[in-house]
Amino acid sequence: WDETHFGKMGSYYINRTFFFDVHPPLGKMLIGLAGYLSGYDGTFPFQKPGDRYEQHSYIGMRGFCAFLGSCLVPFAYLTVLELSKSLPAALLTAFILIFDTGCITLSQYILLDPILMFFLMAAVLSMVKCNSCADRPFSASWWFWLSLTGVNLAGAMGVKFVGLFVVLLVGLNTIYDLWDLLGNLSLSLVTFGKHLLARALCLIVLPLVLYMAMFAVHFTVLNKSGPGDGFFSSAFQSQLVGNNLHNVSVPEHLAYGSVVTMKNLRMAGGYLHSHWHLYPEGVGARQQQVTAYLHKDLNNLWIIKKHDSDTADLSNPAIPVEFVRHGDIIRLEHKETSRNLHSHQHEAPLTRKHFQVTGYGINGTGDSNDFWRIEVVGRKAGKLIKVLRSQVRLTHVATGCILGSSGKTLPKWGWEQVEVTCTPYLKDTPNSLWNFEDHINPRLPNISLDVLKPSFAEILLESHMVMIRGNSGLKPKDNEVTSKPWHWPINYQGLRFSGVNETDYRVYLLGNPVIWWLNLVTIGLYLLIAVSTAVTLKRGVQLTSEHKELSRVVLHGGGQIMLGWLLHYLPFFMMGRVLYFHHYFPAMLFSSMLTGITWDTLLKFCAGFFSSSTVSRKVYGGGFLALVLLIVYSFYLFHPLSYGMIGPMASDPSSPMAGLRWMDSWEF
């Protein structure tokens, strides 16, 4: 399944080939590093799930992810042990994660999820450990756990943007801590200032420095041109070895008579392009098509002309070169077909209320609808226009609309290129901004593009803009199995990892239903226990020391874990991007820890009703044993989902898995 993406990206790091992905780089860098250290040479094509690795050394990459996935068990165990001070609660949590088919399936392949969950759980464990050192602030162990929390926050953020949720959890915990310290009158304000500064250093400055360092390594390693070039600006591309802008010399400022290509600034925006084909009958005026095309092509070349005179005489060396300036009115003539860039009040082919853009005229002679005002963002009138660096907008003089690319793909008649329109809505979006990339003018001196190289801060900002736009552009494809957030806790539908038909070796991502439904019931049970505990304490009921300790565990320990679950689950209801079942797994870790704490508390409470200590121990032990046996037996039933099935599908009565298809939505 996603090995086809992340395995391939690991190969790109080994080959130093630049690519684009919607997630920050740390996860893929670690996969590439694991492959490199274990002898993988980066040559496997990773085309489709189910392809055989043959002689390629893939074990290192899978082993690395499996190792990090295995670390989730001790991390969760130690976190629960720290919060509840109860060995059985920690053991129950560990059993849940060891015997969950979903966690096993997700951890044993080359995916980002085990890496993300490793840093996330490590951050939670460090935070909890740091809280337990609160009675000896500024000691070596306190500094160690506080700094480690910061390192793990940077790790979680560096793998996927959902790492922000654990940053939020640690942030809320820190605010609560500081508020508590502020109320402690035995602390001087100077000491409180030290606490504040220590947390700012370890939890804000340190993670930010590490996060930026990841990107510095990412851009240093990936220095060769590759499939990701087109997503980035021309100035960025000029740094990549093998890109046609690398080590190129072009004239710096635009002049009349120059031959140029124009690139749209929206992500993967494409070049302004035209060709001999006309718009079909019924689609605006039957004139020459103008589109945005993602690849380099001779049909992307345009000649800049003055709106009121021809440029034939501009090649005459006796006439001085005239530069194009901000605010000038120009014509753009398509070099191959000699038609002018033209717009009029016919509707665009796909985007309603936008105007159609066409190629019009014969040998550069057209009409007043070919005139465009060129303006540079943030510049004053009369300023020159730079290649690569200037962001320009072209305003149609006759209608006042702005030339832009809608990002929509045209049908077969438009060669499935991208629609170009003239938008009457006058706001600066990347869709309506362009920059000049190629620039040919024999009468001007050339400068090296290195002079126009962007700084690290500009590259960092641009890569984040591109990632955010890429994330919001992830919409479901036709017939794609996506899922809704309410499906996840009830284990409504799994995800096919590999294999589709009876003869394939099939792996199916589905949580162990007994564990997942136990977790779901426990969330309701926890809320019930927490509310009744809070009411009891509020009413001033006298509690034994044991019950006081239990109520502290429920409200404080359980509360932190419950907050973690809410922060890692609820935001998905507000996301517009395409969602998958595996997005729930970070929240599932929190609900598993909550199950350990809640059932331990409940069993202790029930056992407390018996006056005889032998009976109460038996009740507690029996309940604990029953839960563990239930979890282990359910794993025995469902383990083929993780380790692979072959033969008839479960919907066939003769299949060995037929009796385990408890829900019709499970497709194993």
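Backbone N, Cα and C define each Cβ position, glycine as well.
Ranges compared are 253-272, 553-572, 593-612, and TrEMBL records transmembrane segment for 553-572. Looking at the stretches 87-109, 110-132, the one that TrEMBL records under the feature transmembrane segment is 87-109. Simply put, out of 59-80, 87-109, 553-572, 619-638, 553-572 has the most Cβ pairs sitting under 8 Å from the transmembrane segment (143-176).
Long-range neighbours of the transmembrane segment (619-638) within the same chain, counting only residues 6 or more positions beyond its ends whose Cβ lies under 8 Å from a Cβ of the stretch, are 88, 92, 95-96, 99-101, 510, 512-515, 518, 599-600, 603-604, 606-607, 610, 660. Counted over residue pairs 6 or more apart, the CB atoms of the transmembrane segment (514-533) and the transmembrane segment (553-572) come under 8 Å in at least three pairs, which marks the two as touching.
Within its own chain, the transmembrane segment (553-572) has Cβ neighbours under 8 Å at 83-86, 124, 128, 162, 165-166, 168-169, 172-173, 485, 488-489, 523, 526, 529-530, 533-534, 537, 579, 583-584, 586-587, 590-591, 593-594, 597-598, 601, counting only residues six or more beyond its boundaries.
If one looks beyond the transmembrane segment (196-217) by at least 6 residues along the same chain, the residues whose Cβ comes under 8 Å of a Cβ in the stretch are 24-26, 29, 138, 143, 146-147, 149-151, 153-155, 157-158, 167, 170-171, 174, 177-178, 456, 459-460, 463.
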